[in-house]
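Chemist: Below are the features I grabbed from TrEMBL:
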type    : residues                                                  : note
BINDING : K11, T170, D171, T212, G213, G214, M215, R216, T217, K218 : ATP binding site
BINDING : S51, D138, N150                                           : substrate binding site
DOMAIN  : 278-359                                                   : domain 'PUA'
Amino acid sequence: MSNENRRIVLKFGSSSLTSPEGGLDRSKIEYFAGEIARLHARGEEQIIVSSGAVAAGFRHIGYKSRPKLLHEKQASAAVGQALLMQAYNEALSRYGIGVAQILLTRSDFSNRKRIQNAWMTMQELIRNRIIPIINENDTVSIDELKFGDNDTLSALVANLVKARLLVIITDTDGIYTDDPRRNPQAERLTRIDEINDYIWSIAGGAGSSVGTGGMRTKIGAASIATRGGIPVFIGSASEEGDIAMAVNGTGKGTYFSTDADSLSMKHQWIGFHSDVKGSIMVDDGAADALLHLGRSLLAAGVIDVTGDFQPGDVVEVVTKDGVTIGRGVVNYASQQLQAVRGLNSDEVMRRVNVTRPEVIHRDEWIAFAAH
Ligand SMILES: Nc1ncnc2c1ncn2[C@@H]1O[C@H](COP(=O)(O)OP(=O)(O)O)[C@@H](O)[C@H]1O
Ligand SMILES: N[C@@H](CCC(=O)OP(=O)(O)O)C(=O)O
């Protein structure tokens, strides 16, 4: 086979695999298995990110609807994940295709060794033509660190494996100018070249009783992947050949082009993988300098500091209104910064012993899209 990148990440949402009242929809899984087999036969390397564990499992526990409490969701996922894998295994074994389960948490991505191990495992599976099926490890995920939806997870996986395309399959055939469930006049956008404020403004929450993130988390995922240099498709698939068409560029949905200045590995690390150790509140001038003027953050613009961090840690930067505007590598310990916040750089250098005057250097900063 040539060196051409044949790797694709396919994400299937709960709404595409389960029925609205809960439980797996076998016919949907069989349909996806047929689509996966078709791509497999033409030599594509597929990595699947599949939701559906909670939706598949909650009725087995006796809950009437998708649970809201964390421990109930975790119990449902523990039951449902086994059912989900069993269903994939049965459906794909008919085509002679083997599957493997990989469960990841957000903290796995912030630990270089663990995520590299996960990647090496995936490569070995791919070499042996086994399809990795990834889900969040719901049993051990802590509420505030949960992906929750699998859209973000699929984008991080696509960046990790350097996929040539991220395909997010959902129950709607793309991004519309408004939630099409509520507004029948809404029109589909077939191509999005820039994820700007308008795109964020049209994306609403989940449409079904089993889905979680809605279009907002899908746009967030598209933002992460396209900034990592990976194009994204978001749409639906229900007929034979639909997923192959999505991969070929003629799918029923919306395509996102890669960001013109995609992020380096270092910046992807800062922005999407690292553990955030604290937060720095800045004034309007500093926010403007970081977001619009391409400048570094100086102590003069710092209003407040929370968390316990050391030089070299990644921190979040928030405005007075509590909006997170980005993340960067901090050059001060939290206590040092607390002592010099609001002061000019000469005064700062007289008072604390730091290697560089910038609190966050502009080269070690990534801005988040407004949303
Ligand atoms: N602008 C929009 N365009 C398309 N769909 C939207 C939009 N805003 C909100 N949605 C909703 O997002 C839903 C898909 O997300 P979700 O229910 O989380 O699915 P999944 O389980 O596949 O992740 C759609 O059913 C739709 O109602
Ligand atoms: N890990 C969870 C994912 C939760 C979820 O509903 O995600 P999604 O359907 O992608 O919005 C599960 O498997 O149920």
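Glycine too: its Cβ is placed from the backbone N, Cα and C atoms.
Describe the structural context of each listed feature in the structure shown, including burial, neighbouring residues and relevant distances.
Modeler: DSSP assigns K11 (ATP binding site) to a strand segment in the three-state reduction.
In sequence order, K11, G13, V49, S50, S51, N135, E136 constitute the residues six or more apart from N150 (substrate binding site) in its chain with CB-CB distances below 8 Å.
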Chemist: Cβ under 6 Å from ligand 2: which of the binding-site residues K11, N150, D171 qualify?
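Modeler: So the answer is N150.
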Chemist: Work through the binding-site residues one by one (S51, T217) and point out the residue whose CB has the fewest other CB atoms within 10 angstroms.
Modeler: T217
Chemist: C-alpha of D171 (ATP binding site) to C-alpha of D138 (substrate binding site): distance in Å?
Modeler: 23
Chemist: Averaged over the domain 'PUA' (278-359), what pLDDT does the predicted model reach?
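Modeler: Residues in the domain 'PUA' (278-359) carry a mean pLDDT of 94 in this prediction.
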Chemist: Using a Cβ cut-off of under 6 Å to any atom of ligand 1, determine which of the binding-site residues K11, D138, N150, T217 qualify.
Modeler: none
Chemist: How do the residues of the domain 'PUA' (278-359) split into helix, strand and coil according to DSSP?
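Modeler: Residue counts in helix, strand and coil order: 25 helix, 24 strand, 33 coil.
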Chemist: Within 10 Å of the Cβ of M215 (ATP binding site), how many other Cβ atoms can you find? Include all protein chains, please.
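Modeler: I get 26 for this one.
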